[in-house]
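Taking it in order: structure first as structure tokens, then the write-up.
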Amino acid sequence: MLDIKALRADPEAIAAQLKKKGYELDVATFSSLEERRKAIQVETEQLQQARNSVSKEIGQAMKSGDKDKAAELKAQTATLGDDLEAAKTQLTQVQEELESLLEGIPNLPHASVPEGKTEDDNVEIRRWGTPKQFDFEPKDHVDLGEAMEMLDFEAAVKITGSRFAVMHSDLARLHRALTQFMINTHADLHGYTEVYVPYLVNAHSLKGTGQLPKFEADLFKVPVDKDSGNNDLYLIPTAEVPVTNLVRDEILNDADLHKKFVAHTPCFRSEAGSYGRDTRGMIRQHQFEKVELVHVCRPDISEQVLEELVGHAEVILQKLELPYRTVILCGGDLGFSAHKTYDIEVWLPGQGKYREISSCSNMWDFQARRMQARWRNPETGRPELAHTLNGSGLAVGRTLVAVLENYQNADGSVRVPDVLVPYMGGKTVLKKA
């Protein structure tokens, strides 16, 4: 959520910044609501003062024994009380309208975010590795997995529906190996604290990280028995939600920052609006797994922390020897809650192009304001909003796709990357039994 004080001070300047994201701020509506809020707030304060003043007069009239005046003043108090309650109701309504408007406004883009409307306008920052030149026509992961009888989409359709997968034997083990390798690297090499979190979260948590109310259509909602006293829950679209909410409503000591969390979870997305896109294979699924990295830090270091975060995700690809490129997202492709984002795209021979495998974002104080995640500044002694960042380190399914396609052999077998061999019990090749 944006700082409403900044929005009140100069809504036109905020609107100009938001245009980089392709968002048109309704300044007229905001200004109208603000004027109403201020007028009703002044009226409320005046009514409160008037009632307090009359209440004092009642006390004086009672002391002097003037019962008639006291009765008259009590009638005035009752009228003022009714007017005050009506004004408070109006003020609450206007504040709720303002809150609803604010919840729909995206985060401001960083000054370094390039102009642009779509992913075609993203700017490449660097590349690592060279795509392998095969002396045969490389297959995609679907053909490879099905030929080895380790990847079964038909079974998934039978069990659940489209955009799900069933993995067997060594492919399932390779998927697990990737997960363990990623977590171990981030925990042991990069100093992250591993956390295990719920896969179901409440609406408050999703609101805190920015998925609600705007993106409810992308979520899987799980109705809960109202008699239990619980509200409906949602399957997590990313571990970013439960992990970042660990600091919701907290005031962290400076000595406790910055925090670095790593979590492995399944993720669930309805992929609303993705009809017809990536219908083949494991690129875009309703259920997939990710190793998520979350940082909570002081505001003065969040820009350098973003660079660190991207570097940690890149290390995984380097250790797997998978070619990739890193791009900075343009304003039009930037996420709702993001201030600045780098995407890491891995080379997929089966598609002949780079595809996103990690998205690393600095959310600035946008999520922290929604969650009231704060730290105590030792210089002032006062609580201030922290900065939050997150990124995939990496998307496990897409990494598996990249390994299959980049490490394939002419006979349809797949070599296991050297760094994963210990996780595979020494197995070096995946092939049909």
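Glycine too: its Cβ is placed from the backbone N, Cα and C atoms.
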For this session: Name the residue, out of E292, E303, E307, that Swiss-Prot lists for the same L-serine site as T238, A239, E240, S392, please.
Result: E292
For this session: Provide the three-state secondary structure of E292 (L-serine binding site) computed with DSSP.
Result: strand
For this session: For R269 (ATP binding site), name the DSSP secondary structure in the helix/strand/coil scheme.
Result: coil
Exercise. Should any of the binding-site residues T238, A239, E240, E292, S392 have a Cα within 10 Å of the Cα of I357 (ATP binding site), which are they?
Worked result: S392
For this session: With an 8 Å cut-off on Cβ-Cβ distance and a minimum sequence separation of at least 6, pull the same-chain contacts of S359 (ATP binding site), or say none.
Result: G335, T341, Y342, D343, I344, G391, S392
For this session: Please report how many Å separate the Cα atom of S358 (ATP binding site) from that of E240 (L-serine binding site), as a whole number.
Result: 13
Exercise. Per residue, counting other C-beta atoms within 10 angstroms of the C-beta, which of the binding-site residues T238, S270 reaches the highest number?
Worked result: T238
